[in-house]
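Participant: The S-adenosyl-L-methionine binding site feature in TrEMBL is assigned to 11, 15, 60, 199.
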């Protein structure tokens, strides 16, 4: 696999650290790539960079994420110029108090003002870059409420963004729930020739995580999700999928009953909030068998 390309967005839970070994386990004998939970976009970007499929359909319920990639695809220079101005303004501030005030002013603007699409994408990028640990969290009212991350300076890699803009030109972006997305594309394409990579919200592993509402104001129902994916697989023989998860008792209780293939990817450290960090074992559930050759290549990536 080629060198991993970073997402232009800072995003907690990014798959960058385990990406190459994970890509070796993807089902490559399909022509269509589908991703219903785009997140940072790191997986998509590197799948594109390795030219693994012919057609690409991706989705996320987070409109700010999708709009960021749409603006990056349509006019990367315009977006980059707006982000650069924000970086210059922030970096010119003399102390942490001024930077903190700037951050919260931008957060209010993001939550309360009807910003033009490119402007909102630039502000979204800034909040993810300078907020705590790249966490996207909203309250029950739907307002972004991540605290200031105390970044001294911020930078935007324009060259990387321009390259990603060229990569994502063939991608079709959607913004809806995963069920609506799945139903939508099943009417447009032959899912028998598709591979779907799923990185849904992880099952909470701590009490503090259970009490948080991350990503959207609605809690994610894993039983409904896996039932929907399996029904899709039953309807389209040949449709293949992989689901990323963290290895936990609750995860295994939910997923093991479906008799899917399970593979271990690697162990990573996760940051949930400013005071909580823990080691997470990354696993994946699949409806196909990973070959010994794929496993060996993935293992060599870890060496």
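If you go along the chain as it appears here, the first residue is 1 and each next one adds 1.
Including glycine, each Cβ sits where the backbone N, Cα and C put it.
TrEMBL labels come from automatic prediction, so no person has curated them.
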Participant: Long-range same-chain neighbours of residue 11 (S-adenosyl-L-methionine binding site), Cβ under 8 Å, sequence gap at least 6?
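Facilitator: The answer is 39, 40, 42, 128, 134, 136.
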Participant: Quick one, of the binding-site residues 60, 199, which Cβ has the fewest other Cβ within 10 Å?
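Facilitator: It is 199 that, of the binding-site residues 60, 199, has the fewest other Cβ atoms within 10 Å.
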Participant: Output, ordered by sequence, the same-chain residues six or more apart from residue 15 (S-adenosyl-L-methionine binding site) with a CB under 8 Å from its CB, or 'none'.
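Facilitator: Once residues fewer than 6 apart are set aside, residue 15 (S-adenosyl-L-methionine binding site) is near 22, 40, 42, 43, 199, 244.
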Participant: Would you work out the biggest C-alpha to C-alpha distance among 11, 15, 60, 199, the residues that bind S-adenosyl-L-methionine according to the record, and give it in angstrom as a whole number?
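Facilitator: Max span of the S-adenosyl-L-methionine binding residues, Cα based, is 16 Å.
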Participant: Taking 8 Å from the centroid of the Cβ atoms of 11, 15, 60, 199 as the cut-off, which other residues in that chain fall inside it around the S-adenosyl-L-methionine site?
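Facilitator: What remains near the Cβ centre is 13, 14, 37, 38, 39, 40, 41, 42, 43.
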Participant: Three states by DSSP: which one describes residue 15 (S-adenosyl-L-methionine binding site)?
Facilitator: coil
